[in-house]
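Residues annotated as compositional bias 'Basic and acidic residues' in Swiss-Prot: 11-22. Here Swiss-Prot flags 1-27 as region 'Disordered'. Swiss-Prot lists 48-68, 76-96, 129-149, 161-180, 188-208, 213-233, 260-282, 301-321, 352-372, 382-402, 414-434, 446-466 with the feature transmembrane segment.
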Amino acid sequence: MADPATSSPLLDDHVGGEDERGRRSRSSTLVQKVIDVEEAKAQMIYSLPMILTNVFYYCIPITSVMFASHLGQLELAGATLANSWATVSGFAFMVGLSGSLETLCGQGFGAKRYRMLGVHLQSSCIVSLVFSILITIFWFFTESIFGLLRQDPSISKQAALYMKYQAPGLLAYGFLQNILRFCQTQSIIAPLVIFSFVPLVINIATAYVLVYVAGLGFIGAPIATSISLWIAFLSLGTYVMCSEKFKETWTGFSLESFRYIVINLTLSLPSAAMVCLEYWAFEILVFLAGVMPNPEINTSLVAICVNTEAISYMLTYGLSAAASTRVSNELGAGNVKGAKKATSVSVKLSLVLALGVVIVLLVGHDGWVGLFSDSYVIKEEFASLRFFLAASITLDSIQGVLSGVARGCGWQRLVTVINLATFYLIGMPIAAFCGFKLKFYAKGLWIGLICGIFCQSSSLLLMTIFRKWTKLNVATV
């Protein structure tokens, strides 16, 4: 007979092991009730490469501006103004136009109509070609437009010069965005990191050579941007045409793409409006800050907040792309339940992501604002703004994901109406009232923005919950 003194511990260990496994099982079940773990893992794995890709492409024009800014104060002001104007009047529009492919290619891939992805890509590139030509013509009147906006004549002249040499890169950027959506909707994303990082490195080297070694000075920076964007487009385009991964979705150039231009426009124009309406709202805040009392302080504060929001949104962009792809693929396959599950997971992940960003901001706000300014006044004012900024970042994270869902579903027109109403009929009037009438200044402007984003997020959420989810019929778009 076994000695109880030696047998009991073995029994206790066995029971303890069962208890431990039971606790783990209950914990796992609890987590599974809150969020689908496998879906969350898939979306996070998808999001990271998209975040890196977005950051690398975003940094191409920014690094060129940095090289130009070291030539003097006038060059800094001109390059910064030009880059801001190019973004809101051209690059953002091109990003928006490519949003049609998130619907058409995403649902087409889910429906296993693989050949049509290449057709829709070509159709979207034709649309981008036309609009890039129109925008480039518009850009040649930059100096006159800045004059009408009461900008400093010398800065306006420098900005117009910068735009002139950056204009050739716009078409390449438009084509590039279309190819990115084409790859994104097929979940072929890992190579995008390499194809975005290499052009960034090339841009840094090219800008240095053109600005300092070749002696081109100021115009060398925008020329470098244009060259790098063309390299980015041509390299990624060559990869798509030659890689075996796309043998079913890219079957060569086809005249059939012209038949789908109108269908593309019905989605791409509202998608572009979605993006631009939001971009313009932030630029309007900076403009309003500039006409307030003590414009240096107020403009600096709003600009820091806008840049912080933009950097935060780069993280959200990855989740937005994941949500758009998962939803469009599932709807294309006729799986509405799967699309809704993916949406639920995306929204929950957006809240977790926003919480992480907000914690970092609230804890390290002094160090963060110190990267932008050494002014004690600006640091103090930013400290009082940080909770408002935290609120806007959280709401923007939610709306970013819901906007991705909307693109996947083909709801671009409805979202355009929502953005127009919430930002320009609610947010901006409240911003002007709080900023000027109540004399809250920069804080008042941000309160108005929060009101706009809150109404936008709420509207998108209600639309997502109550609107009927159906597969897009391209014949009736």
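Including glycine, each Cβ sits where the backbone N, Cα and C put it.
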Contact check, the transmembrane segment (76-96) vs the transmembrane segment (382-402), 3+ Cβ pairs under 8 Å, seq sep 6+: no
Residues from the same chain, set at least six apart from the ends of the transmembrane segment (161-180), whose C-beta lies under 8 A from its own: 53, 57, 61, 68, 78-79, 82-83, 85-86, 90-91, 94-95, 97-98, 101, 121, 124-125, 128-129, 131-133, 135-136, 139-140, 142, 192, 218-219, 221-223, 225-230, 232-234, 236-237, 240
Same-chain residue ranges lying at least 6 outside the transmembrane segment (352-372) that approach it to Cβ under 8 Å: 300, 303-304, 307-308, 312, 315-316, 319, 378-379, 382-383, 386-387, 389-390, 393-394, 396-398
Segment proximity, the transmembrane segment (48-68) to the transmembrane segment (301-321), 3 or more C-beta pairs under 8 Å: yes
Positions whose Cβ lies under 8 angstroms from the transmembrane segment (213-233), at least six residues beyond its ends: 57, 60-61, 64-65, 67-68, 71, 75, 78-79, 82, 158, 161-169, 172-173, 175-176, 179, 195-196, 199-200, 202-203, 206-207
For the transmembrane segment (382-402), sequence-distant contacts whose Cβ falls under 8 Å of one of its Cβ atoms, 6 or more beyond its ends: 301, 304-305, 308-309, 312-313, 315-317, 319-320, 323, 346-347, 349-351, 353-355, 357-358, 361-362, 365-366, 369, 442-443, 446-447, 449-450, 453-454, 456-457, 460-461, 464
